[in-house]
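Database features (TrEMBL):
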| type | residues | note |
| --- | --- | --- |
| TRANSMEM | 26-43 | transmembrane segment |
| TRANSMEM | 52-72 | transmembrane segment |
| TRANSMEM | 111-138 | transmembrane segment |
| TRANSMEM | 150-171 | transmembrane segment |
| TRANSMEM | 327-345 | transmembrane segment |
| TRANSMEM | 357-380 | transmembrane segment |
| TRANSMEM | 386-402 | transmembrane segment |
Amino acid sequence: MPFSGFAFFLRPFPYTLFLLPFTTDWTVWLVPVAQGLVAAYAVRRALSAAGLALRPAPFLAVILALALLTSLPVQAGMIMPDLFTGPLILMAYAVYTGWAERSRTGRLFDVAVLAGMTMVHLSHLAILGALAALMLLWSLVRRRGLRAVLLGLCAPLLLAAGTLMAANAVLMKHPVLSPSSPLFLLARLIGDGPARDYLAEACPERGYLLCGKLDTLDRSAPGFITSDYFLWHPDGARHAFGDTPRFLAEASEINRATIASRPLDVARHMAINAATLLVSPQIDIILTNPVKPWTRQFFSRFGQPVYTAFMTSLQMAQAFPRAALNAVQLTVLVLSLLALGWVLATRAGRLGGRQGGLLAVLALGLMLNAAVAGGLSAVHPRYQNRVAWLLPLAAIAALLAVQPRRTEEPAASPALASGRPAA
C-alpha cells in the first residue's frame, strides 16, 4: 500500500527550511555549529533574564561545561529538530520574564524566534501551550504580566499553529496541524494496550481495517517496541494499509473511541510513560544500532568527502561511545540534583524572584517534555535526553544565584516568582 507522497507528512516543514543553507558538501558540517549557537543563545538569554548575566569568559565556561559533561553536543550534532526543545523552554522563560525590558523590535524578534522554535516539532506546540497556560494562570493570580503571556507566549504559539495549518491547507487541502498525528497517537494507544482492548470489543461490527490485523497489534521485534512495530516495521499495520485517507480517518475515530471508553486507563498509561521517561534519559540508541540503508543513501547524495566521512564514522562502525557518555551524563545529573537540593535546603533565601522563576520553569519544562513525549508519542529515552541538559544548567544557575558577590537584580525588574514578569 502507498505511503503519503506529501514530503512533510511525518514532520513539519520549518526544520527543513532551517536546514536549507546546510545542504552543500561544505555547509553540512556547519549544522552542529548552527544548532549549538541556537542553544548557546537561549542559555544566555535565560541567564540574563534571571539576573545572572555573565561576562564572556564565565559564560563560555558554562557552555564548555555543558558541552563536556552533558548530552547537549550530541543533540546539536544530530540532524534532528529535538535540539530545539531545550532552547524553546529557555526562551519561553526569557521572553516572559524580560518582556517589559525589550524594545518593540526586540519583542518582534522574540515572537518570531519562539514561533520558529515551536514549529520545528509538533510536541513543541503542546509544551509551549502548557507553559503559556501555567504562566497565564500565575499572571492572573498576581494580576501582572498578562501582556507578556498574551503577546510573548500565546502570539508565537498561535502563529506557529496557524502557519502549520495554512501550509497543510495549501499543500494537502486539509487545514490540520499534522496529517500524521492520528497515526502516532494510535500507535501509542496500541502500544500501551487501550486501543487493542477497544478494537477487540468493536471488531468486527465496526469494520475497521485493523480488525483484520488484531493478532499482530501486540507484536514487537528487536529494535521495535510495539508502537514502533505498528508504525515502522515492514510487517506492521501501517505498511499493510499505507497512509490512505480511510486508514487515517479510522485512526482518528479509533483514538476518540478509545479515549472516550477508557479515559482512566489511557490516563494511567500516560502517567506511567511520563514518569518512566522523566527518570531515564539516554543518548539515542540509533547511534550504536546498524545504520539503515536509507541513511547511507541519503549521505551518498553529498560529495565523496562527506560520504567517506560518514562511512568511516563511529556511528557506521557501531563504535560510538554511547555507554560511556550515558555514564558521564548520569553522574552529572545526580550531582546536579544534589547541588539543587543543597541550594534549596540551605540557601533558598538568597534566590531572587527571577532565579526562582528560572528554576521553576526548567523543572516544568522537564516534566512537560516527559508528559508530552511519553503520553503522545513513544517511551524512548532519547526523547527526555533532548532536555536532560537543562538539569545541570539549573544547578549552575542556582549556584551562581547564591554566590555572595553576585550583582543584585534591580528592584524594579520583573520577576516570575514575585509576580512582576512584565508590564
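Even glycines carry a Cβ here, placed using N, Cα and C.
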What residues elsewhere in the chain lie close to the transmembrane segment (52-72), defined as a C-beta under 8 angstroms and at least 6 residues from its ends? 36, 39-40, 43-44, 86, 281, 283, 325, 328-329, 332, 355, 358, 385, 388-389, 392-393, 396-397, 400-401, 406
If you count every Cβ pair below 8 Å, which range out of 26-43, 111-138, 150-171, 357-380, 386-402 shares the most with the transmembrane segment (327-345)? 386-402
Can the transmembrane segment (111-138) be said to touch the transmembrane segment (386-402) if we require at least 3 CB pairs below 8 Å and skip pairs under 6 apart in sequence? no
